[in-house]
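What follows is a set of notes on a single structure, which appears directly below.
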Amino acid sequence: MNRHFNATRKIDPSRGATLGDGSPNDMNRVEIGPTQLAFAEWHTARLDLPDLAAMRRFRHRRLTDHVVARGYAGLLMFDPLNIRYATDSTNMQLWNTHNPFRATLLCADGYMVMWDYKNSPFLSEFNPLVREQRAGADLFYFDRGDKVDVAADVFANEVRILLRDHAPGLRRLAVDKVMLHGLRALQAQGFEIMDGEEVTEKARSVKGPDEIRAMRCASHACEVAVRKMEDFARSKVGDGVTCENDIWAILHSENVRRGGEWIETRLLASGPRSNPWFQECGPRVCQRNEIISFDTDLVGAYGICTDISRSWWIGDQKPRADMIYAMQHGVEHIRTNMEMLKPGVMIPELSANTHVLDAKFQKQKYGCLMHGVGLCDEWPLVAYPDHAVAGAYDYPLEPGMTLCVEALISEEGGDFSIKLEDQVLITEDGYENLTKYPFDPALMGVE
């Protein structure tokens, strides 16, 4: 009997040429993305998938509109997350953060060019909005040695020619994060360098419909991973072996299993190591009848950041009264502040009208009471009143913005910290809390 097979091996044999998000149903594709595990969990949760092509067009239009509105010739991006936003392509993202070998130029007419690692120009070819792939933006000393200035001149000349053709007569160029020789070379070409980060942060602040669908999916995947981490912690803590790193490793593993990418921080601490906050997770063996607090800072499926925080009580005894009070105070803080969120409210109003933490928690409170979120922690930042800078954030909230609402309840000299954080979408008439993960009932005083 003859058996016939399609030349392309499918990721999901039950589907046609594309998966539910419009990406190729090809086992050997270049494009990264969610795994079948994630898709199955999202199907069970009845989540709508994003249309990735539509999401990419929305982002491209947002950036282009912001460039045109400022009268700029173009936007030159070196930051790997700005490049991800513009092109939806990745290449050694963490290595790229300290070895900036990639660049993307978005011209005022929408023409977009990618400079990539010389051996991997194919990594953005799946996106038709990227019109050209080139190499030569690696303007750092490790790669260029004492001739980095020569490489910078060649690169800057390419930028000049592209903008001559696609933004004739315009000489103001927005640049986000550029190496010193790159900056000098661009200025030598006659460009007036403008703040590209101001452009990208504001463009990224409002999410389109498919970005919101992607965030819902990413948030679900993150919360499933957090549940796996909690189950592990509750079953293992007290065995005399399990340490903070063992617990944190579960979140990493479960994130990657669902197509997630990395975690920005190491913010999990147990017992007295949770105070002061910002101690990174380490080899401390976790004990029963202690608090474990963490902040996900997780870049997950579709490159979307899910930034939520929780504190758990793990043990057979009841938590102390001061722990329960701190937890309840933190929940009140984020819930009260969340109620202020709606389109049109000015960011300074949020600062001025914040729920006030008890005096004993003021010194060690979190660095902000809210911040934007998308591909990572993003603009805007909502400061506490004593840290607010007049004129820094005089902008209204808009529908489609997503914010993380924070609480750190931590007394100086104490032996624990409560860390809480929910991720919220600004809707047309208010807000929607995207975070479904429950608060620990023992710390809430209901167990």
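Here the Cβ of each residue, glycine as well, is placed from N, Cα and C on the backbone.
The divalent metal cation 1 site recorded in Swiss-Prot comprises Asp295, Asp297, Asp307 together with one of Glu421, Glu428, Glu432, namely Glu421. When the candidates His252, His355, His371 are compared with the divalent metal cation 2 site entry in Swiss-Prot, which names Asp307, Glu406, Glu421, the shared residue is His371. Proximity of Glu421 (divalent metal cation 1 binding site) to non-local residues of its own chain (separation of 6 or more, Cβ distance below 8 Å) is seen for Asp295, Asp307, Ile308, Ser309, Ile334, Cys404, Val405, Glu406, Ala407, given in sequence order. Rounded to a whole number, the C-alpha distance linking Asp297 (divalent metal cation 1 binding site) with His371 (divalent metal cation 2 binding site) is 12 angstrom. Annotated divalent metal cation 1 site Asp295, Asp297, Asp307, Glu421; additional same-chain residues within 8 Å of its Cβ mean position, judged by their own Cβ, are Thr265, Leu267, Thr296, Leu298, Ile308, Ser309, Cys404.
Within its own chain, His371 (divalent metal cation 2 binding site) has Asp377, Glu378, Pro380, Leu381, Val382, Leu403, Cys404, Glu406 as residues 6 or more apart in sequence whose C-beta sits under 8 angstroms from its own.
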